[in-house]
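Worksheet: the structure to be examined is printed underneath.
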Amino acid sequence: MAQMYFYYSAMNAGKSTTLLQSSFNYQERGMNPAIFTAAIDDRYGVGKVSSRIGLHAEAHLFNKETNVFDAIKELHEAEKLHCVLIDECQFLTKEQVYQLTEVVDKLNIPALCYGLRTDFLGELFEGSKYLLSWADKLVELKTICHCGRKANMVIRTDEHGVAIADGDQVAIGGNELYVSVCRRHYKEALGK
């Protein structure tokens with residue numbers, strides 16, 4: 001029986017690395033995984049999942065208009081899929097997360113989703129909210145704050161490295177824009 005997994009964390013915990021390792025494990029056993037990533041994130045090239053340690057793989061793209069069930073079903077009909085791996089899953093819509101439950105329940109294909117739990121304001125992303133609600137298994141990937149405690153928050157910084165507390169929920173960037181911190185240092189950085 002297939003299940004839907006949500007691997008979540010703050011930034012720099014190795015979500016993409018873990019996804020790529022999972023894909024490799026399936027391939028090593030002669031199985032066919034399909035990788036999807038958000039079209040909005042093209043930092044490392046269009047249609048690619050890349051990790052900070054240098055691993056990368058080609059990926060199918062999704063945006064807010066993508067019918068995830070139909071896209072996966074089409075791939076599955078062309079060549080049997082053994083799992084679906086979704087990077088940057090926080091950018092999924094509620095409807096797309098529901099479509100993933102249909103992939104799991106109707107097509108019997110496991111869905112392994114990797115993404116951020118919350119944004120720089122501490123608010124859930126839409127995709128993360130529904131993955132937390134509907135996933136069969138929740139797995140927290142851990143990273144650390146500069147103080148050594150578990151980092152479970154993300155701060156967005158300006159060009160001078162100062163934490164900012166307003167702006168659009170989505171701003172694509174890496175270490176130059178975001179810092180993973182513990183809750184205490186998150187509150188201190190934002191003056192809360």
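Every residue gets a Cβ built from N, Cα and C, even glycine.
As written in Swiss-Prot, here are the features:
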ACT_SITE  GLU88  active site, proton acceptor
BINDING   SER9, ALA10, MET11, ASN12, ALA13, GLY14, LYS15, SER16, ASP87, GLU88, CYS89, GLN90  ATP binding site
BINDING   CYS145, CYS147, CYS182, HIS185  Zn(2+) binding site
Binding-site residues: MET11, ALA13, CYS89, CYS145, CYS147 - member with fewest neighbouring CB atoms within 10 Å: CYS147
Three-class DSSP secondary structure - ASP87 (ATP binding site): strand
Per-residue Cβ crowding (10 Å cut-off), top of binding-site residues LYS15, HIS185: LYS15
Of the binding-site residues listed as CYS145, CYS147, HIS185, the one whose CA lies nearest the CA of LYS15 (ATP binding site): CYS145
ALA13 (ATP binding site) versus recorded positions GLU88, CYS145, CYS147, CYS182, HIS185 - nearest by Cα: CYS145
Cα proximity to CYS147 (Zn(2+) binding site), best match among recorded positions SER9, ASP87, GLU88: SER9
C-alpha spacing of MET11 (ATP binding site) relative to CYS145 (Zn(2+) binding site), in angstrom: 11
8 Å Cβ shell about CYS145, CYS147, CYS182, HIS185 centroid, Zn(2+) site members excluded: ILE144, HIS146, GLY148, ARG149, ALA151, VAL181, ARG183, ARG184, TYR186
Using Cα positions only, nearest of the recorded positions to HIS185 (Zn(2+) binding site) (SER9, GLU88, CYS89): SER9
Cβ-Cβ neighbours of ASP87 (ATP binding site) (radius 10 Å): 27
